[in-house]
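As recorded in Swiss-Prot, the features of this protein are as follows:
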- 4-167: domain 'EngA-type G 1' (DOMAIN)
- 10-17, 56-60, 121-124: GTP 1 binding site (BINDING)
- 188-363: domain 'EngA-type G 2' (DOMAIN)
- 194-201, 241-245, 306-309: GTP 2 binding site (BINDING)
- 364-450: domain 'KH-like' (DOMAIN)
């Protein structure tokens, strides 16, 4: 189905992200009083209107080439160039400033074909529009309050009228191998998480083969989670770049706290999580905390070590890190890191293959009959312990209650007598027997009772 793109454009802190959240009916963009929170393009289906994609953009700031502000503006220019309709957002409280006039000229220069709507935000109270608004030269204008939802439906009417009147409008189609937003949510939700500056955004750009998200030597460049739909070997994937996660006591600014919370929210909604480790810093406690959180949420884990091009004694380094992972990552025994260089595009294919395989394991189901045959063999190879009164503990029956991740319910006569080591044995044996990827957590639920089918 064809989908038109509406780009929200303007100087920093005029309320573009608030309007984006309002139009998409989801809090996908972080909103903060501090200017420059949005640094990458964010796409979402506008749930208020059918067949419409809305794009949040970084604030337009005119700066020297190579600066962060300049690179952010390049992100906005991509959105301006591809948009069918541009909502040029200005601030009614500050009024029209010289930078607004520069932004208007920039829009006209880079997109002469699309219609532009002047959206005057923060008009909670009625205002009188002076000539400075009209001097911007846009025929369509509307006063709204994105924060309070005033004028949103009226804005929607203007957008729909433009789309219906302009028969020549070229709209986005979702038949491309890689598109920025797909109306149908892809099967595999793949989150890339890790400490700041470990190369998450560089990894995204490397596999997409384009500068989709901002990168640089500065720590903490990514603030919002950024979603990109993509296809790999026939598998639809939603890649999600996230803000780096530092230790709690190191997070002092409220905007960083919002970014970290957004990252943890992304983990909760992901299927598979790539936990990226900086090879120059090695495995740290914060990496283990991220892994532990993702495992507790039931996400599949793919462990990736980036920046391996900066390591001189690679064999010694990998041997030592493998040892540390085997010792420290006890929740998912047997997981092996994948060593890459996102900057040099080295070994990226191995990561993608592992993600697809882990996803298949994560949603695997085993029939009840096959499962009980496995259980009988596992208990035969390693019998259960005796109870205090000399009677052996018995697991009488098991069934898989859910996948994503695999969850097994086992009925036994004495739950307390089954220790943690035997539970780990069952999990490891199950994964080995049914070819479950090492990064997939398997959950066991023990219930005291008889076989419910006898």
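Cβ coordinates come from backbone N, Cα and C, glycine included.
Residue 60 (GTP 1 binding site) has 242 as its nearest neighbour among the binding-site residues 242, 245, 308, going by CA to CA distance. Looking only at Cα atoms, residue 10 (GTP 1 binding site) sits nearest to 242 among the binding-site residues 197, 200, 242, 245. Closest in space to residue 242 (GTP 2 binding site), of the binding-site residues given as 13, 16, 57, 123, is 57, taking the CA atom of each residue. In the three-state DSSP scheme, residue 16 (GTP 1 binding site) falls into the helix class.
Look at residue 197 (GTP 2 binding site): DSSP puts it in coil. Taking 200, 245, 308 as the binding-site residues under consideration, the smallest Cα distance to residue 123 (GTP 1 binding site) is found for 245. Its own atom aside, the Cβ of residue 13 (GTP 1 binding site) has 17 Cβ atoms within 10 angstroms in the protein chains shown. A Cα-Cα distance of 28 Å separates residue 194 (GTP 2 binding site) from residue 13 (GTP 1 binding site). Among the listed binding-site residues, namely 57, 123, the Cβ with the most fellow Cβ atoms inside 10 Å is that of 57.
The distance from the Cα of residue 16 (GTP 1 binding site) to the Cα of residue 245 (GTP 2 binding site) comes to 25 Å. Here the CA atom of residue 57 (GTP 1 binding site) lies 33 Å from the CA atom of residue 308 (GTP 2 binding site). Residues belonging to the domain 'KH-like' (364-450) score a mean pLDDT of 91 in the model. Within the same chain, the residues at least 6 positions away from residue 245 (GTP 2 binding site) whose Cβ sits under 8 Å from its Cβ are 193, 194, 195, 196, 260, 263, 264, 286, 290, listed in sequence order.
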